Ligand SMILES: O=C(O)[C@@H](O)[C@@H](O)[C@H](O)C(=O)CO
């Protein structure tokens, strides 16, 4: 039947995505088809199941298929009808290992699935932060819908999650809840109290105002010794615990508030606490304070993203001392087991090839890794391959706006690191770390200035784009799982 459908669609100028064609129930088949760059959800039915605003030919009975055919835009309304009938929604994660793939352009989900489905890892496909939404002029619903479309296009019937990433306020939280996200990453970085320049006397004075719960945590853990293995142990410092309490207590109130909202509105969700974008590495005392505080408030979080030793800059490999990273990771993992069953999450996880294996090994496969910009860079790679003029244009725009783009991301590049024009004959040029970072953080301005042109190239070379994205994610996974 797939071939007949494909022929029929072709006659009507639509291209069928063959993997998308599947039976949802006895009398309903679903598929995705595209005309130019416009993708539609198609249904073959016996005439009694419909979505709204049919686009193709309402209730047209097609003799050679033996079904009625309709094509629909994937609107949120249509998603809800599909969801209620066929359970195509994202779900919370029950697996040990999970991997997040942000898709800034809303085009990459089929490619992400192609790579992820071959590994024992739970895919979190709709992962986007408000920072990314603002820069790409999208919203949580749009990200969500593009992922659903990608899931249907790939014919993927497995579980997957949707991560409202780096939530810092209620407005975005509510938008994500309304859209149907399953994972909520609370980014506490803006709420951390800066104590690094406070004199000791002021610290002491401030400590007087800590809540009784914070004091209890300090009393319970101060001076405690933990043994990771026969030759690895660490002790918890009272001074450091005070500093952690002073730094994090305010942020804990935000988590409490958000948790209350999530509990009121949702039956199931995965909650991630992200403290990786703070100014200093997460100490064991920070970790203990945060996890204990939340547990004592009955807040059951799914994962914690500490700031591990070393630099986790966007788009490039880990920078720093791998021994220190390993030792820090061991302590955090030890604590995550000791304090209660949440996993560790690695943010800025794109291209951190030199530490993936260690991360998997030390966490015994209990981890979450987030990537996003690395998939956007594959779009840039395609443009480099297929349209040098556009690529040169994008390079110039990115350079001209570097200072603005740097405001949102911590990177070490400067205007002086870059030549005025780029050697496009050099096929390795996009592997240079500074070039990767430049494009990685410039997506906002590039989409503002050349959105139409970028999407046109990616639509024209869709298969190649998918190939680039899936190979790249596969390279990440191979390294993680040491394959
Ligand atoms: O760019 C963003 O805002 C996000 O994609 C990231 O910060 C995300 O949390 C991440 O770490 C992806 O690598």
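Heads up, the Cβ atoms here are built off N, Cα and C, so glycines get one too.
According to TrEMBL, the features are:
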ACT_SITE  165  active site, proton acceptor
BINDING   166, 314, 347  divalent metal cation binding site
ACT_SITE  272  active site, proton donor
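Of all the binding-site residues listed here (166, 314, 347), it is 314 whose C-beta has the fewest other C-beta atoms within 10 angstroms. For ligand 1, the neighbouring recorded positions among 165, 272, 314 are 165, by Cβ distance under 6 Å. When the active-site residues 165, 272 are compared by the number of other C-beta atoms lying within 10 angstroms of their own C-beta, 272 comes out lowest. Taking the mean position of the Cβ atoms of 166, 314, 347 as the divalent metal cation site, the remaining same-chain residues with a Cβ inside 8 Å of that point are 129, 165, 276, 277, 348, 370, 372. Distance noted between the C-alpha atoms of residue 347 (divalent metal cation binding site) and the residue listed as 'active site, proton acceptor' is 10 Å. In the three-state DSSP reading, the residue listed as 'active site, proton donor' counts as strand. DSSP assigns residue 314 (divalent metal cation binding site) to coil, not to a helix or a strand. Mapped onto three states, the DSSP output places residue 166 (divalent metal cation binding site) in strand. Taking the C-alpha positions, the distance from residue 314 (divalent metal cation binding site) to the residue listed as 'active site, proton acceptor' comes to 16 Å.
Cα of residue 166 (divalent metal cation binding site) to Cα of the residue listed as 'active site, proton donor': a span of 9 Å.
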